[in-house]
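Following: one structure in C-alpha cells, then a few remarks.
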Amino acid sequence: MPFKIDIDKELCKGCGICTSICGRSAIRMESGFPRLVGECVGCRLCEFYCPDFAISVEVIV
C-alpha cells in the first residue's frame with residue numbers, strides 16, 4: 001500500500017526530527033522543510049514525533 005506525507009509549512013519549524021526518526025531514510029530536509037525522497041512504509045513515526053504536528057501520513061488511494 002503506497003503512502004504519502006503532507007507537510008504543513010506554516011507549522012513546520014524545520015527541526016529535522018522527522019528525518020532522523022525515519023528508519024527508511026525516506027525524508028530529507030530541502031530548503032528548510034522535510035520532503036519525501038524515498039518509499040514511505042506508513043509507520044507514522046515522523047507524524048508521532050513531530051513536536052509541531054506539521055506532518056500527516058496518508059494512504060494513497
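The backbone N, Cα and C atoms fix where each Cβ goes, glycine too.
If you check TrEMBL, you get these features:
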- 3-32: domain '4Fe-4S ferredoxin-type' (DOMAIN)
- 39-60: domain '4Fe-4S ferredoxin-type' (DOMAIN)
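Nonlocal intrachain contacts for the domain '4Fe-4S ferredoxin-type' (39-60), taken as residues 6+ away from its ends with a CB within less than 8 angstroms of a stretch CB, comprise 1-9, 11-13, 15, 17-18, 21-24, 26-27. The domain '4Fe-4S ferredoxin-type' (3-32) scores a mean pLDDT of 97 in the predicted structure. Mapped onto DSSP helix, strand and coil, the domain '4Fe-4S ferredoxin-type' (39-60) counts 5 helix, 5 strand, 12 coil.
For the domain '4Fe-4S ferredoxin-type' (3-32), same-chain residues at least 6 beyond its ends with a Cβ under 8 Å from one of its own Cβ atoms are 38-43, 45-47, 49-60.
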